[in-house]
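Working notes for the structure below.
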Amino acid sequence: MRTTVSAPTPVVVAIDGPSGTGKSSTSKGVAARLGMAYLDTGAQYRAITWWMLRQGIDPADTAAVAAAAEKPEIVSGTDPLAPTITVDGTDVSAPIRGAEVTGAVSAVSAVPEIRARITGLQRSIAEGAAASGPGIVVEGRDIGTTVLPDADLKIFLTAAPEVRAARRSGELGGPQDAARLAATRADLVRRDTADSSRTASPLARAGDAVELDTGDLTLEQVVERVVAMIEERRSA
Ligand SMILES: Nc1ncnc2c1ncn2[C@@H]1O[C@H](COP(=O)(O)OP(=O)(O)O)[C@@H](O)[C@H]1O
Ligand SMILES: Nc1ccn([C@H]2C[C@H](O)[C@@H](COP(=O)(O)OP(=O)(O)O)O2)c(=O)n1
């Protein structure tokens, strides 16, 4: 007797939440485990911010940012084991993590023309992945609410600011003194406030998203829970 192994049903998963809740690590882990594609939408906003700074455009000059929104070509590679991001063919994966971009990204990403441009890119990447493989995990701030409101599964990650600051500060290495933790926490909270209070598609939990506090969970435990939710969705 011949057994037919059918391809898994493609699923589109939206993972949102504030900085340091574990969106990138969780999304990459889940996508790698299930052979899915992965899209880091924050990297796209960082990439266009990097380009604006390189052009000498002031991130606070909303009109200038809007006028240039369509100019750079931004390409995201969606392999969770080796995600890539280029701007006009230049690999920007390292410089987009620098302090200059981090300090400017909330202003640039609040401009409606920037959001329209980047949202269009995100939707076409998600559509392509869902049409050609087992699906995609897309992480950001407004994926469940705006970019992919029909996603098969929406997850909103949270964690206390102290936990998130300790995680972010840990990434930088070196001694973890109280002053450094307090400064990291203040930066995170400032960015969360800006991202949540902007008019255009703010950071928000979708009404139908599952909320998961990652504060007391290891990364492996968070990945396990999300994988279980996806498998449950596939078998429903
Ligand atoms: N559940 C977890 N427990 C402990 N550390 C975690 C957990 N999830 C993520 N991290 C660590 O926290 C930091 C921030 O995670 P990241 O995935 O970049 O968050 P986000 O994408 O939400 O900003 C990384 O150093 C990551 O390894
Ligand atoms: N879907 C998204 C993703 C990110 N952004 C903006 C707001 C965030 O502060 C920046 C950077 O996002 P990123 O996910 O790289 O930030 P962290 O990894 O949390 O430091 O981009 C957004 O407006 N919408």
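FYI, residue positions are counted from 1 along the chain as it appears here.
Using the three backbone atoms N, Cα and C, a Cβ is placed for every residue, glycine included.
What TrEMBL says about this protein:
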type	residues	note
BINDING	Gly17, Pro18, Ser19, Gly20, Thr21, Gly22, Lys23, Ser24, Ser25	ATP binding site
DOMAIN	13-231	domain 'Cytidylate kinase'
For ATP, residues beyond Gly17, Pro18, Ser19, Gly20, Thr21, Gly22, Lys23, Ser24, Ser25 with C-beta within 8 angstroms of the site's Cβ centre include exactly Thr26, Glu139, Leu157, Ala159, Arg164, Thr214
Whole-number mean pLDDT, the domain 'Cytidylate kinase' (13-231), equals 96
Here the binding-site residues are Ser19, Thr21, Ser25; the one whose Cβ sees the most other Cβ atoms within 10 Å is Thr21
CB < 6 Å to ligand 2, subset of binding-site residues Gly17, Ser19, Thr21, Ser25, seq order -> Ser19
Cβ density check for Gly17 (ATP binding site), other Cβ within 10 Å (all protein chains) comes to 25
Ser19 (ATP binding site) -> DSSP, reduced to three states, gives coil
One finds that other Cβ atoms within 10 Å of the Cβ of Lys23 (ATP binding site) number exactly 27
